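Just below is one structure, and these are the notes that go with it.
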Amino acid sequence: MKLLTKPAYLLLVLAAATSCDSSNSPDPTPKATSVHLTLGNPSGAVADVKKPTNYLLLKPQYALSYHRDRGIPNWVSWHLDNTWRGAAPRQDDFRADDALPEGWYQVQGSSYQGSGFDRGHNCPSADRTKTVADNSATFLMTNMTPQAPRSNQQTWARLEEYCRSLADTGKELYILCGSYGKGGSGSDGGVTQTIDEGHVTVPRRCWKVVIILPIGSNDAARVSTGTRVIAIDSPNDNSIGSNWGQYRVSVDAIEAATGLDLLSAVSPAVQAKLESTVDAGPTE
DNA sequence: CTGCAGAAC
DNA sequence: GTTCTGCAG
């Protein structure tokens with residue numbers, strides 16, 4: 001074994017001395033929040049079995065509020081910078097999420113089959129490629145929403161790619177998305193209210209909010225009135241295309257439609273400015 | 001080529 | 001599970 005240099009030894013001693021728990025036992029009280037909720041918890045979701053319509057699920061890779069009776073999340077929130085991205089291949093292991101409370105219906109990987117709707121990721125597969133475990137976590141069905149194929153593969157896919165391109169240029173992003181309403185139009189046409197024998201509601205609209213920051217500490221105080229915020233609200237309809245820019249709205253409009261309180265960790269004055277503005281920046 | 005998938009076996 | 005196909009960019 002190679003001997004440690006004196007400075008390295010001192011660092012180890014300091015690290016041990018400042019750690020309030022022994023390093024070889026699990027933390028008995030995991031933090032109640034995560035980096036993914038740095039800018040807030042839009043619905044005050046909690047991991048309480050008595051709150052089936054606003055149930056908090058925290059994963060290392062993202063955080064979400066799950067609606068048991070709709071079978072889809074109310075919102076999903078995640079942090080994106082290039083430390084989340086790597087070479088892990090797409091896992092494609094769509095599956096039920098057994099982290100839900102006992103007795104709750106679990107949407108299955110096959111639940112959308114033949115519905116005319118995609119198993120649309122909220123937190124995208126391609127945003128979580130650092131490790132196989134990270135990528136696999138995005139395929140839990142609690143991270144899915146039945147989405148019209150063109151909405152998923154064109155509208156959202158283009159915006160997701162744009163977000164990753166911003167990460168590639170040294171940005172750090174906080175992203176939230178979700179859906180609301182009932183009744184979408186998939187590849188089979190018409191309007192579909194639910195699938196999977198009523199266990200999964202097909203939403204009418206899908207929304208996404210992107211906060212773009214320079215790389216830095218994970219701190220809501222870094223959001224200023226000059227921070228770029230992109231918000232879109234698009235129909236869950238297979239007639240739409242790749243031009244996500246045309247669906248830009250204010251964050252206020254999404255809050256009005258959903259009842260959520262977005263960016264609640266940001267100071268009220270900054271929120272007021274950012275949430276009333278509609279992005280007019282580049283789309284590619 | 002990658003990323004979004006669905007369908008067949 | 002694996003393999004194949006389709007679409008957009």
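Counting begins at 1 with the first residue displayed.
Just so it is clear, glycine is given a Cβ too, placed from its N, Cα and C backbone atoms.
Here's what TrEMBL has on this protein:
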type	residues	note
ACT_SITE	A:His121	active site, proton acceptor
BINDING	A:Asn152	Mg(2+) binding site
DOMAIN	A:58-269	domain 'DNA/RNA non-specific endonuclease/pyrophosphatase/phosphodiesterase'
DOMAIN	A:59-269	domain 'ENPP1-3/EXOG-like endonuclease/phosphodiesterase'
SIGNAL	A:1-22	signal peptide
| message | Quick check on the recorded positions A:His121, A:Asn152: which one has the highest count of other Cβ atoms within 10 Å of its Cβ? | response | A:His121
| Taking all residues of the domain 'DNA/RNA non-specific endonuclease/pyrophosphatase/phosphodiesterase' (A:58-269) together, what is their mean pLDDT? | 95
| said: For the C-alpha pair, I'd like the distance in angstrom between A:Asn152 (Mg(2+) binding site) and A:His121 (active site, proton acceptor), rounded off. | reply: 8
| note | For A:Asn152 (Mg(2+) binding site), the three-state DSSP class is helix
